[in-house]
Amino acid sequence: MSIENNIIKSLLEIKAIEVRKDKEKWFTWTSGIKSPIYCDNRLTISYPKVRNEIALSFKELIDTNFKDVQVIAGTATAGIPHAAWVSSLMNLPMVYVRNSSKQHGKTNQIEGLITKGSNVVIIEDLISTGKSSINVARCLREHGVNVLGIVAIFSYNLEIAKDAFMQENIKLFSLSNYDELINYMNEINQLNNNENQLLIDWRNGLNNK
């Protein structure tokens, strides 16, 4: 079984992925997008086997694609635990980046020690529109850091995100994605024809806007 399918299998087993057929009960993302599917990767931290599998897969992905990495950065809040586990596996320093600066104390947006010119890989739990991840990358770049790329547990493979990452010249890799999810759910007979078409049409609708 591929890494993608292994991750998807684990996410389904812990019920991190939920599909709702009834349009009136669809999920609402932070961006305002209505979605028949929700991927709650925060649940992975409660399952040692799953989080270890994710950490090892991240390490392999980073070793393969970002050989010059010097620091692992987690996105607040969902990327923080995974960044901690990966940085420990790779024996690398770690930082995490808030959505905005604190309003008290040192008012830091980046927590942890990082120096200008450092090569950083950002760890994110989920990529939808890509907006929050790109904001983190911009923050790091503003502090003189070299962002090698972003790795995520799951990506919806939305065109709006692909375009945004391309415009920012940011490389993105994910351990699993929407297309692989649909394929795997069909393989294990978790989707009927109507559900399969619903998921395809929803994503196509977003990509064609």
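Cβ coordinates are placed from backbone N, Cα and C, and glycine is handled just like the others.
What Swiss-Prot annotates here:
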BINDING   Arg98, Lys102, His104, Glu124, Asp125, Leu126, Ile127, Ser128, Thr129, Gly130, Lys131, Ser132  5-phospho-alpha-D-ribose 1-diphosphate binding site
BINDING   Ser128  orotate binding site
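According to DSSP, Lys131 (5-phospho-alpha-D-ribose 1-diphosphate binding site) is assigned to a helical segment. Most buried of the binding-site residues Ser128, Thr129, judged by other Cβ atoms within 10 Å, is Ser128.
Arg98 (5-phospho-alpha-D-ribose 1-diphosphate binding site) and Ser128 (orotate binding site) are 18 Å apart (CA-CA, integer value).
Each of the binding-site residues Arg98, Asp125, Ile127, Lys131 was ranked by the number of other C-beta atoms within 10 Å, and first place falls to Ile127. Following the DSSP three-state reduction, the secondary structure of Asp125 (5-phospho-alpha-D-ribose 1-diphosphate binding site) is strand.
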